[in-house]
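Q: Dumping what TrEMBL says about this protein:
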| type | residues | note |
| --- | --- | --- |
| BINDING | His41, His67 | heme binding site |
| BINDING | His225, His230, His248, His251, His252, His306, His310, His327, His331 | Zn(2+) 1 binding site |
| BINDING | His330 | Zn(2+) 2 binding site |
Amino acid sequence: MATAGPRSFSAAEVRARCAQGACLVSCRRRLYDLSGFVRLHPGGEQLLRRRAGTDVSAALDGPPHRHSENARRWLEQYYVGDIEPGDEQVPPRGRTGTGGTQVPPVPQPALPDLVDWQKPLLWQVGYLGEKYDEWVHQPVDRPIRLFHSDFLEFLSKTAWYVVFMVWTPVVLYLSWVSYTSLAQGNTRLFASFTTEYSIPVHKYYFPFIFLLGMILWSLLEYLIHRFVFHMKPPASNYYLITLHFLLHGQHHKSPFDSSRLVFPPVPASLVIGFFYGVLRLLLPEVLGLSIFVGGLCGYVIYDMMHYYLHYGSPKKGTYLYGLKAYHVKHHFEHQKSGFGISTRFWDYPFQTLIPEETFKKED
């Protein structure tokens, strides 16, 4: 039996479906249904809604933003059919080919399915070898299963509010313990080296120590993201590829999987416990605890912001709007830069800032 070709849509049918709330756009004659993606669009839902029923060929090249090859491949996931001949729109501007016909760049084809999506991916990716790095940085809009075990799979997924519910009471309790301990007046800096020149740490210093912990977390967030999460595992090492995919690769492969955008509390507890132990070794107990609780608060804010940058729809012109666009560029085009998530600050001194796009003014 012959396979049916793509469905054809008339311009009138497209307009009717858009009037009912659907978000259909075309690129040349190809039609895409973006109804399920509008809230996730980095440019905002309203921008995409305004494009409904129109040809976006020229818009893909910007301004305000030139869409990457990954973004163009991402668009293909929502292909639903073709516009009937004669009904397609001519984009108002864009790059032209012979005879002035609009010719937006054609993205390179994505790698074919190198894994079986019906089975857990964690034990498959290590066999991709040299193809892993390219494959993992071609994002898809589909959920990922990591483990065969339902219990392990459950532990690997976390709703965003779980992080807030688990760690916020811990932050509040340890903040109270730190402040009341400092209020006793027994904490002195350098007391283990000298009593004559040791510096007392008053309770009034607690907000500043807490803030220092948050700043140190922002640096740690950058360093972990850049040097741990974005290490490039050797193509010949099955176990390091598997570890990379578990830690961060699965997030880059499926960046809008809502159950994998925040760190699960169980493994997070092990990492948090490690950093608490380090601070206990380096600093007086109460001082180390005060810095630690500030860092823990910074982590909670980071995880909440990370989820919002993927699933929120911030208002255009706000700080979070710019940060969302910045982070999505990291996912879709600039995987070797833009490592700051809750702030771009550390990208400046480490020279990993994603460059701003510039466009020549039209005549």
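Every residue gets a Cβ built from N, Cα and C, even glycine.
Just so you know, TrEMBL annotations never went through curation; they're auto-generated.
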Q: In whole Å, how far does the CA atom of His252 (Zn(2+) 1 binding site) lie from that of His67 (heme binding site)?
A: 17
Q: Tell me which of the binding-site residues His225, His248, His310, His330, His331 ends up closest to His41 (heme binding site) in space, Cα to Cα.
A: His310
Q: Validating a neighbour-count step here. Other CB atoms within 10 A of the CB of the residue listed as 'Zn(2+) 2 binding site': how many?
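A: The answer is 23.
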Q: Counting every protein chain present, what is the number of Cβ atoms, excluding its own, within 10 Å of the Cβ of His248 (Zn(2+) 1 binding site)?
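A: 17, counting other Cβ atoms within 10 Å of His248 (Zn(2+) 1 binding site).
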Q: In whole Å, how far does the CA atom of His67 (heme binding site) lie from that of His330 (Zn(2+) 2 binding site)?
A: 12
Q: Give me the Cα-Cα distance between His248 (Zn(2+) 1 binding site) and the residue listed as 'Zn(2+) 2 binding site', rounded to a whole Å.
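A: Between the Cα atoms of His248 (Zn(2+) 1 binding site) and the residue listed as 'Zn(2+) 2 binding site', the distance comes to 13 Å.
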Q: Identify, in sequence order, the residues in the chain of His225 (Zn(2+) 1 binding site) that are 6 or more apart from it along the sequence and have a CB within less than 8 Å of its CB; answer 'none' if there are none.
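A: His248, Phe339, Gly340, Ile341 - these are the non-local Cβ neighbours of His225 (Zn(2+) 1 binding site), listed in sequence order.
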Q: Cα-Cα separation of His310 (Zn(2+) 1 binding site) and His330 (Zn(2+) 2 binding site), in Å?
A: 12
Q: Counting Cβ atoms within 10 Å of each candidate's own Cβ, which of the binding-site residues His252, His331 comes out highest?
A: His331
